[in-house]
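Engineer: Pulled these from TrEMBL:
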type	residues	note
REGION	206-234	region 'Disordered'
TRANSMEM	184-203	transmembrane segment
TRANSMEM	249-268	transmembrane segment
TRANSMEM	328-348	transmembrane segment
TRANSMEM	355-372	transmembrane segment
TRANSMEM	378-400	transmembrane segment
TRANSMEM	432-451	transmembrane segment
TRANSMEM	457-478	transmembrane segment
TRANSMEM	490-508	transmembrane segment
TRANSMEM	514-533	transmembrane segment
């Protein structure tokens, strides 16, 4: 593959376009490289209909450059580029007499100005071809940190008939403080929850002088528990919930939907949670640099309009094949580290348990995505992806047979958040819920990776998974009404329903922006008021117990959230 990130290979990458269109995009990409500006996707705002007398301008591309100015100002440079032959370019240069540009940010008009018909320039890459340029450059006030500019370019002839209209969405790069905060603040919350969860797990370890009947047992090897089987002790409580919610934020912005421009870059800062990386230690080079010329570089025609490919461009990861290899590489490192940290006894089972509990959704998502790209990927690569999916399914089946079901789910389903179960029916409900958890995670992964051709189908299937999850919580009474597990499930369902606004043609740009900000605000509230505050409360309880202010029971007497209060749940 050509390593020039601006020169996609139409045969492999672009689908649903004519050869003429592919030639146009390739040439425009080459021109963008020379002119040191970034190509952005643009569409005709007239949907191809002739708005007035005369023919419409042929397919035209837009390139943009946004650079810092003096103080709080920025300099915006925008060009439209139309590839023509010499005769056609000269004719259009005579016919077009003026142009206008409109820019909206945050749903409000920000700029209305006149364009300069720059004329024709010879293409440096294709002999006999020239490009018609229409240019605009202006210093203006800086845009909000998390926003998207909607630009509309209109071109007119001497009779004031509209001969061309292009709309594009430009997302300015996040300022460094915002970019760092959006990456490291959620990471800090996760690490904090991890540390507190590890401390709680250590506190709950059985002591040498405990009666042997109170020590957790691994079960009888057939995956079933009897009536007298002890409840598994909580392992890293809340860590699985927190990690999966971070993955939900990231993968939820990787569906094939028409998101507000700012939503994908913000969610993309959580790529680490899904092992979605273009780091220097992993295989492959990034076909896109993520940020170029002050904006997020995105080419919707480079890999189709599939959400995972778009996310790879925004994150700056390799396209499709390289990103999956990166994930497998990082997943292998995670397995090795887990093996080192886990005691040697039942090592293989426990490593698989950790891996399938924490990373099964992103791993299955990107692996299934390789299968739907099998028509152009190497055969060995597709075979490896299929082998990994089969191995994951076989491993989970084996774990269900070799480990007690409730013990298998201790990383995702914590007994310390659940009603006391004193009878066998309660144990059976727990086991059923654990099986449902892993099954729904597989379905989520297959949906995100395998239904990239239909954003609507992705939304419907993922929403159905959350509805089933909530019904199971209510029917099996595994969580209290206001537990963190219930709240995160409801929040995920609300976000998926709100994403209906991102289906192309459903809502206006202003509505999509508002919905995008609401979704980001909800995610922030769940992370801060849910996981961070709950972790802080648990840490306070640990410190108080350490200083002897708690009664000497090995577990906390109640599940308590500083905002939701005492849920009345007894810890086992």
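Yeah, the Cβs are placed from backbone N, Cα and C, and that goes for glycine too.
Could you place the listed features in the three-dimensional structure?
Structural biologist: Panel annotation: around the transmembrane segment (184-203), residues 233-239, 242-243, 246, 269-270, 272-273, 416, 527-528, 531-532, 535, 538-539, 542, 545, 554 of the same chain, lying at least six beyond its termini, place a Cβ under 8 Å from a Cβ of the stretch.
Packing against the transmembrane segment (249-268) from elsewhere in the chain are residues 146-149, 169-171, 173-174, 182, 274, 276, 296, 305-308, 310-311, 314-315, 361-362, 365, 444, 448, 451-455, 458-459, 462, 492, 495-496, 499, 502-504, 509, 512-513, 515-516, 519-520, 523: each is 6 or more residues past its ends and has a CB under 8 Å from a CB in it.
Residues 240, 243-244, 247, 250-251, 254, 273-276, 306, 308, 320-321, 323-324, 327, 331, 334-335, 338, 381-382, 385-386, 388-389, 392, 395-396, 399, 409, 411-412, 438, 441-442, 444-446, 448-450, 452-453 of the same chain sit 6 or more residues outside the transmembrane segment (355-372) yet have a Cβ under 8 Å from a Cβ within it.
Counting same-chain residues at least six beyond the ends of the transmembrane segment (432-451), those with a Cβ under 8 angstroms from any Cβ of the stretch are 251, 254-256, 308, 356, 360-369, 371-372, 393, 396, 400, 405-406, 408-409, 412-413, 457-458, 461-462, 465, 468-469, 472-473, 476, 478.
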Engineer: Which residues of the chain, 6 or more past the ends of the transmembrane segment (514-533), have a CB below 8 A from one of its CBs?
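Structural biologist: Residues packing against the transmembrane segment (514-533) from afar: 107, 146, 186, 189-190, 192-193, 238, 241-242, 245-246, 249, 259-260, 262-263, 266, 484, 487-488, 491, 494-495, 498-499, 501-502, 507, 561-563.
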Engineer: Sequence-remote contacts (6 or more beyond its ends) of the transmembrane segment (457-478), Cβ cut-off under 8 Å?
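Structural biologist: Hits for the transmembrane segment (457-478): 255-257, 307, 413, 418-419, 429-430, 432-433, 436, 440, 443-444, 447-448, 451, 485-486, 489-490, 492-493, 496-497, 499-500, 503.
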Engineer: Taking residues 6+ outside the transmembrane segment (490-508), which of them lie with a CB under 8 Å of any CB in it?
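Structural biologist: Same-chain residues near the transmembrane segment (490-508) but 6 or more away: 245, 248, 252, 255, 257-260, 455-456, 459, 462-463, 466-467, 470, 515, 518-519, 522-523, 526.
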